[in-house]
Amino acid sequence: MAIVSLRDVAMVMVTVQVFARGYPETDLVVRLPGQPKVVFRQYAGYVDLDLNAGRSLFYYFVEAEKHPDTKPLTLWLNGGPGCSSVGGGAFTELGPFYPTGYGRGLRINSMSWNKASNLLFVDSPAGVGWSYSNRSSDYNAGDKSAASDMLVFLLRWFDKFPELKSHDLFLTGESYAGHYIPQLADAILSYNSRSSGFKFNIKGIAIGNPLLKLDRDIPAVYEFFWSHGMISEVVGRTIKIQCDFSHYTYAYPHNVSDACNDAIREAGDITTEYVNTFDVLPDLCYPSIALQELRLKQMATKMSMGVDVCMNYERQFYLNIPEVQMALHANRTNLPYSWSLCSNLLNYSAIDVNTNMLPTLKRIIQNKIPVRIFSGDQDSVVPFLGTRTIVGELANDLNFKTTVPYGVWFHKRQVGGWAIEYGNLLTFATVRGAAHAVAYTQPSRALHLFSTFLRGQRLPNKTDIAMHD
């Protein structure tokens, strides 16, 4: 008589549970190469948007570590435009795994946001990561088409995961997700107003270091450079005198004077060669050294202030391993190029980059959807200096009064950053010591900021307030 082990019984029970939930068996990720053992399930695969065009978006879904049946669902989108949410958000910032120091395995991210929520990462639009289209014109994308495709994606993804339709839905992201997330939220609210059936249970949006208003975000870059001693008094003064950013455009020559362009070019030359402008604090990882050590299967990690500054190269190496792509059900079209974080295929509308997002955010907040904007204070690419002003402008336009004045918030009895709240629906917070990718550089503070938002709580302004992530 055959003897059935407890392990076999457990595996059968897991399989039955997966089938019972109605989740897609073919998308179940059994285990990633080099992955530590975990108790939660993960899924990955494609959602077809247009069969005639052959346009499909790739996703990676991770259940909450505990109680996934009752935890909310959080969508995360990276920016760019044109950068991978799977590679960036999932495997570098807030997902459950980080690549190991030599890029051939994974280690646990002890501050993963799946401690608080189910997580969904989507490579959007088509042409980013493993998302694709068989029609080359689809790679001419913009804000409107990106939001439209993501709305279709979510509707069809919920058909794959019907049990999650009723869960609270939070939309989150960073950088150019300052465009992606508000426009998707706006599309969802419009869909809900028209639908007589299913409605998205949207509960809030949170965006880190977001591009919101180009004519304010751009001058903030040079204010940051000057205030951090990264450019000279002469260059800083020249930019202040010569540059009128009120009609600045993304495309060169930016609709500014030649003297202004000369000054900002000089500022860029001074600051970008030896400093990571996305995080001005840590040392750089030099690719030639990192890649050489990867080939030798040695630790390429060069730790600086507790941050693995070479993780970008480790992630690149790991996600290009064929066995990893097979485990993720990725690259089903056998793309003729290596996976990379940001797309070289995408031709994204430069005009859309100029769009002021405040009217869209205003509509969202008027629909009683809470908005939390947060900024890593060591990011010079979309600095908090501009974002703080922009959020204040939005609050003024909404006629919101200050409900919590600007002041420190705490985490683990240390200053986590500074925050201000307007009208009980709009919050701006800095994260102390964090970069453009907040969750990567300050993972514990980022998880705390995220968890409090999900629970509808304010960031604690006293050290003795007991709060759990």
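Positions of Cβ are set from backbone N, Cα and C atoms, glycine also.
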Candidate cysteine (Cys285, Cys342) that Swiss-Prot pairs with Cys310 in a disulfide: Cys285
Residue among Cys83, Cys243 that, according to Swiss-Prot, closes a disulfide with Cys342: Cys83
Asn347 (N-linked glycosylation site): secondary structure state under DSSP, collapsed to three categories: strand
Candidate recorded positions Asn331, Asp379, Asn461, pick with smallest Cα gap to Cys285 (disulfide bond): Asp379
Cα-Cα distance linking Asn255 (N-linked glycosylation site) and Asn134 (N-linked glycosylation site), given in Å to the nearest integer: 36
Cα-nearest neighbour of His436 (active site) within the listed recorded positions, Cys83, Asn255, Asn331, Asp379, Asn461: Asp379
All-chain count of other Cβ atoms within 10 Å of Cys310 (disulfide bond): 26
